[in-house]
């Protein structure tokens, strides 16, 4: 493999990591409060509101049901408005965030559902407000589950970013598609696959370590 190709792969790794972690961050900025809202408005929860729950749940389900490659193409006009272009690293972050947010919201809701109801009832009996319950009971107790959700999300985004590479998003996906598939270069394709596997392994390893650390606390 030539030296220019090796440097191209290094840049591809950096672009893939940037797309994954930046979109993961913004996905959590949107998905975490939506997931908390889904939980607290469920029937029987601290601010139960069946109509609001059904509405938010329906919106989340709609966006979760759209395959990412279709979402990527569908959002091209919207992406152009936000970042001024529909190709490249910055453009990819927009649909990646939109694709991740509803996925995160559901995982946050599921993590909160694992919390024993006795803890919530005890907090309510002591006069805690809904916001205090969320901040001091729900989120701390669900922290291991939230870290696990973040790990799964980042791994999913690695795959999404690779798909985005096929339409000019950059990263390892674009290198694999352009030089491996279109250019009939099996060495490049196999190298891209190995690098993606390594990235996923490292993210999973780090996530597992963090989960163990916060669980001990």
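Cβ atoms are placed via backbone N, Cα and C, with glycine included.
Residue counts for the topological domain 'Periplasmic' (1-19) under DSSP (helix as H, G, I; strand as E, B; rest coil) come to 17 helix, 0 strand, 2 coil. Sequence annotations record features per position, and here Swiss-Prot assigns topological domain 'Periplasmic' to 1-19 (among others).
The annotation domain 'ABC transmembrane type-1' is assigned in Swiss-Prot to 13-204 on the grounds of sequence analysis.
If you look at the transmembrane segment (20-40), the same-chain residues 6 or more away from its ends with a CB under 8 A from one of its CBs are 46-48, 52-53, 56-57, 60, 92-93, 96-97, 99-109, 111-113, 130, 134, 138-139, 146, 150, 153-154, 157-158, 161, 199. The transmembrane segment annotation in Swiss-Prot covers 20-40 (among others).
The average pLDDT for the topological domain 'Cytoplasmic' (41-57) in the predicted structure is 93. According to Swiss-Prot, the topological domain 'Cytoplasmic' annotation covers 41-57 (among others).
The transmembrane segment annotation in Swiss-Prot covers 58-78 (among others) and rests on sequence analysis.
Taken from Swiss-Prot, the feature transmembrane segment applies to 81-101 (among others). For the transmembrane segment (81-101), same-chain residues at least 6 beyond its ends with a Cβ under 8 Å from one of its own Cβ atoms are 15, 18-20, 22-24, 26-27, 30-31, 34, 63, 66, 68, 71-72, 75, 153, 156-157, 160-161, 164, 167-171.
Annotation comment: Swiss-Prot describes 102-151 (among others) as topological domain 'Cytoplasmic', evidence class sequence analysis.
Among the features that Swiss-Prot reports, transmembrane segment is placed at 152-172 (among others), with the record citing sequence analysis.
The feature topological domain 'Periplasmic' is assigned by Swiss-Prot to 173-185 (among others), with sequence analysis given as support.
What Swiss-Prot records for 186-206 (among others) is transmembrane segment.
The topological domain 'Cytoplasmic' feature in Swiss-Prot is assigned to 207-217 (among others); the stated evidence is sequence analysis. Sorting each residue of the topological domain 'Cytoplasmic' (207-217) by its DSSP state yields 10 helix, 0 strand, 1 coil.
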Per DSSP, what is the residue count of the topological domain 'Cytoplasmic' (41-57) in each of helix, strand and coil?
8 helix, 0 strand, 9 coil
